[in-house]
Amino acid sequence: MKIYSRNKFVLLAIMIIHFVTPKMVNAQWTGPKDKPRERKELKYGPITPKNRKDNDMNAFRNYGLGQFIHWGVYAIPGNEWQGVSARKGAPASEWIRSWEGPTTPKNWLNIYDNLYKQFNPKDFAPSKWAKQAKDMGAKYMIFTTKHHDGFALWPTKYSTYNISKSPYKKDIVKEVVEAYTAEGIDVFLYFSVLEWNNPNYIDKAIETSEEKKKFKMFLEYTRNQLLELLENYPQIKGFWFDGTWDDSWINSYEFTYNLEKELREKHPGLIIGSRFRNDEFGERHFDSNGDLLGDYEQGWERKLPAKYEWLNGNDWDAVMTIPPNGWGYMKDWSGIYTKTTNDLLDMLMRSVSMDGNLVLNFGPDGNGNMHPEEDKIAKQIGEWMKVNNEAVYGVRHVELPEPKLGYYTQKDSILYLTVFNRPVNNIARISIPNKLTKVPVEAVILGQNQLLKISHSDIGIDLDENNYFDIQIPTEFQSSNPFVIKMKLGKSNYKSQKLMDAKM
Ligand code: JFZ
């Protein structure tokens, strides 16, 4: 009996694996990606080529560090409000409208949908935000024009649920776009397609003709808003789409394909990530042939690739919160792990060492002030960036044996090693494959002007494929932060001593 039930269990497990696995393989946007074995003929595949070569995309590739800002009426509740609290395992703070619990007020949705009447951020100074981002070292920023709650921070002509109806009245998107552009920071607009409170939005496959009519209106509304954003803010560099996972949208692949084309025609150079649309087989981010749908991978959210190979050479960025989750304002950060400045610098260097950008999220409060902890982190990152930014901007992945001390980045013949793990003997040992002719010939620590001693060492590994160059970190150099060893690569001038092999 026992054996029988165990067998049943095994059979059930096999069935689950069998039926679940094939679907999961294709829904895998992060982690290692399987390439489909045979190519499918696609009508609604990628519109732009892989690794666009134009100036806008080159600029994207060189950003290194970005800033995300989640701001909207959810900033007023700040993660806990009138008996509603996200602190006990509920979703993120900007999702507060969707919370349900025993202490949630009965008319909660109604309360939330009227919060905009209190949205009057008296301390909002976009130039202050932009200055802070600039000082932090951000080269681009992504701003929430409209999140899932549907509230538009610009005075859209296509819905009345927008900023012009709040006591604040003014066009926040315009203020943000102008302030950041003035600081030389490129702006991307976050746009949630799905809207929780729009009667024409349907979150499942369309069935009835009534639903069809409604959703058609919703699609037209979305198109109008996007064209309006491009019309109003022609300075923007791209869109960061979200809320595109429902079957209604997935089944609208012909509409979304045409819309992507239209947006690109209206705004040459526009950058759109892989979270906008899917192919005719419902494949999102990557189409049925495993090709990227959009200009860059947009699935790296709160997690970074562990392996460079997983990226298949695609452009990408990663968006990151300081708390574990929660993009909108969270008034109370106590009792949760919040990433430290050094955690974030590690993530930044991991990202750029793999040809990606790191985008750090900020969630200002209902008055327009950044969280004090975010202020502090922005400042600390900025101080670090002032000294070390050349290891971050415009750098590329390095094809050398992975360093144990930190991350490599490279710009032409300059090699950077950002050291997170300082070795006890103060020797940064650089492994250079024997077949390479360029080796470190000069080294300094960024922010210091002393040339570091380099020596060639032979550490006696059988059939060794590498040569080793030892960079001496001065013992008197102290740093409680990661630091960067900048090396010039050049023709080697060391002589490999051919020692006599032992007779055995
Ligand atoms: C979405 C939003 O729901 C969230 O509020 C926030 O704006 C974030 C930046 O984007 O959240 C997602 C969307 C997609 C995934 C995870 C969270 N995903 O693909 O894993």
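Cβ coordinates are placed from backbone N, Cα and C, and glycine is handled just like the others.
Quick caveat, the model's predicted, so the values are computed rather than measured.
For 1-27, the entry in TrEMBL reads signal peptide.
Beyond its flanks by at least six residues, the region 'Disordered' (28-48) meets 253-254, 257, 260-261, 264, 274, 277-281, 284-295, 297, 299-300, 303, 305, 307, 309-310, 312 of its own chain at Cβ-Cβ distances under 8 Å. The region 'Disordered' annotation in TrEMBL covers 28-48.
According to TrEMBL, the feature compositional bias 'Basic and acidic residues' maps to 32-43.
The domain 'Glycoside hydrolase family 29 N-terminal' feature in TrEMBL is assigned to 40-390.
Residues belonging to the domain 'Glycoside hydrolase family 29 N-terminal' (40-390) score a mean pLDDT of 96 in the model. Secondary structure of the region 'Disordered' (28-48) per DSSP, as helix, strand and coil residue counts: 0 helix, 0 strand, 21 coil.
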